[in-house]
Amino acid sequence: MSSEGKKLFNIIILGVSFMFIFTAFQTCGNIAQTVITNLNNTDFHGSGYTSMSIIYGVLSASNLISPSVVAIVGPQFCMVISGIFYSLYIAVFIQPTTWAFYTASVFIGIAAAVLWTAQGNCLTVNSDENTIGRNSGVFWALLQSSLFFGNLYIYFAWQGKTHISESDRRTVFIALTVISLVGTVLFFLIRKQEDTKAPGDEDATNEILGESSSAQNKMMRAVAAFKKSITLSFTKEMMLLSVTTAYTGLELTFFSGVYGTCIGAVNRFGSEQKSLIGLSGIFIGVGEILGGGIFGLLSKNSRFGRNPVVMLGILVHFIAFYLIFFNMPNDAPIAPMEGTDRVAYMIPSKEVAMLCSFLLGLGDSCFNTQLLSILGFLYSEDSAPAFAIFKFVQSICAAVAYFYSNYFLLQWQLLIMVIVGFFGTITFFAVEWEAAAALAARGSDYSSI
């Protein structure tokens, strides 16, 4: 197999592995608050929103050290260990206890930081400036297909149910734990690239790579990765992109945790309200896959760069927020176990709710494929620190959003996303224009990025 073929093989294996792990984890996140609401009459007294807030809070802090961990351990082994912790978190729901639930939330936060930093490094070292757009799209489409499979099962398994029994819960979470472990094992199929640089080490040479097993050299690489993370954090481009990244953290929280809870709380949806959570996840997945496929695989044919895709993303999201505001009761995110009988500005429509799910997924893929692409393009020599900063900002904003989701009505959550999304789009445009100018100065074709 040619070098280019090996790299594409690695990208596909990376995407398939993440697809399995996040089929389990994203389905778990989508139904967690609904499952927990049905548990709170027992000895269990946890909150799905609080758990996610802990996860993303710990994740953001852990991104300060994750480049160093990847530098010492290596991206492949980091992803394997992280996948095991994801599986343990999901397994907690089989027989949940409050202490185990929150303890697992802390550990998966650390694991997620390492996993995503290693993923960014693996994506970058298997790409160049001509393939980063394609590879970002391929990975994103495979990753987000996870939303389809898990939620399809939830839709059929929970159809007609207004209460989730202990048997229902155990069956679902045993299956999700096994799926997560399958994805973890697949990481072993990724083939090492012998000519790649150590994360965070700009001046790595073949000699250093050959001696990377020495403890002293690994420590030097770890310190270099940490210093590089701090340095990159204060560059103009990274600070501007951080606003865009902050928006992806807020909308990630909304579509992956809050919106499904809103749908499940609307009593006017009748006996379908719980199964519609799964159907909503499917439509989000369809939007994600469509966006990842189109904007990733067709990126080489774009003569206008990344800005039009991001512009489409924010317009699609603004339409979705407008429809959700009219369709969903204002108290849906914080409704009690009995749900809500309130009506917004129209009688709640299942069709409109599913359309909004699709638009949320499509818009999210627009932002994330282009952020992955521009980070890989701008920081090809410093991929691990750059992706660590990306996840740091995204995660801390997701943690804040999950925290306020316990208290804020729907209208305020939508307003916050509109404001941050508007400014995030403008800052992305600024960075992309500078990247285009730098590329033109080098004499490269702008459409190749």
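Just so you know, glycine gets a Cβ as well, placed from its N, Cα and C.
Among the features that TrEMBL reports, transmembrane segment is placed at 7-25 (among others). The list of residues near the transmembrane segment (7-25) in space but at least 6 beyond its ends in sequence, with Cβ under 8 angstroms from a Cβ of it, reads 1, 79, 83, 86-87, 89-90, 119, 122-123, 126-127, 131, 135, 138-143, 145-147, 149-150, 176-177, 179-180, 182-184, 186-187, 189-191, 193.
Marked as transmembrane segment by TrEMBL: 69-92 (among others).
Annotated transmembrane segment per TrEMBL: 99-118 (among others), in sequence order. Counting same-chain residues at least six beyond the ends of the transmembrane segment (99-118), those with a Cβ under 8 angstroms from any Cβ of the stretch are 44, 46, 50-52, 54-63, 65-67, 69-70, 75-76, 78-79, 81-86, 88-89, 92, 199, 384, 387-388, 391-392, 395.
Look at TrEMBL and you will find 138-158 (among others) tagged as transmembrane segment. Within its own chain, the transmembrane segment (138-158) has Cβ neighbours under 8 Å at 8, 11-12, 14-16, 18-24, 26-27, 30-31, 123, 164, 168, 171-172, 175-176, 179, 274-282, 284-286, 288-289, 291-293, 296-297, 361, 365, 368-369, 372, counting only residues six or more beyond its boundaries.
Sequence annotations record features per position, and here TrEMBL assigns transmembrane segment to 170-190 (among others). Residues 10, 13-14, 16-25, 27-28, 31, 76, 79-80, 83-84, 86-87, 90-91, 93-95, 122, 150, 153-154, 157 of the same chain lie 6+ residues outside the transmembrane segment (170-190) yet bring a C-beta within less than 8 angstroms of a C-beta in it.
The transmembrane segment feature in TrEMBL is assigned to 276-297 (among others). Outside the transmembrane segment (276-297) by six or more residues, the chain places 26-27, 30-31, 34, 133-148, 150-158, 255, 259-261, 263-264, 269, 309, 313, 350, 353-355, 357-366, 369-370 with a CB less than 8 A from a CB of the stretch.
The transmembrane segment annotation in TrEMBL covers 309-328 (among others).
Away from its own ends, the transmembrane segment (352-379) comes close to residues 120, 123-124, 127, 129, 132-133, 136-137, 139-140, 144, 147, 232, 237, 241, 244-245, 247-248, 251-252, 254-255, 259, 263, 276, 279-292, 295-296, 299, 306, 309-310, 312-314, 316-317, 319-320, 323-324, 326-328, 346, 385-387, 390, 428, 431-432, 435, 449 of its chain (Cβ-Cβ under 8 Å, at least six residues beyond either end). Taken from TrEMBL, the feature transmembrane segment applies to 352-379 (among others).
Under the heading transmembrane segment, TrEMBL lists 386-404 (among others). Remote same-chain partners of the transmembrane segment (386-404), defined as residues 6 or more beyond its termini with a Cβ less than 8 Å from a stretch Cβ, comprise 49-50, 52-57, 59-60, 63-64, 66-67, 109, 112-113, 116-117, 119-121, 124, 229, 232-233, 238, 241-242, 245-250, 252-254, 257-258, 371, 375, 378-379, 413, 416.
If you look up TrEMBL, you'll see 410-431 (among others) marked as transmembrane segment. Residues of the same chain lying 6 or more positions beyond the ends of the transmembrane segment (410-431) and with a Cβ under 8 Å from any Cβ of it are 237, 240-241, 243-248, 250-251, 254, 258, 262, 306-307, 310-311, 313-314, 317-318, 321, 324-325, 328-333, 370-371, 374, 378, 401, 404.
Non-local neighbours of the transmembrane segment (309-328) in the same chain are 244, 251, 259, 262-263, 266, 291, 295, 302, 344-346, 348-349, 352-353, 355-356, 359-360, 362-367, 369-370, 410-411, 414, 417-418, 421-422, 424-425, 428-429, 432; each lies 6+ residues outside the stretch with a CB under 8 Å from one of its CB atoms.
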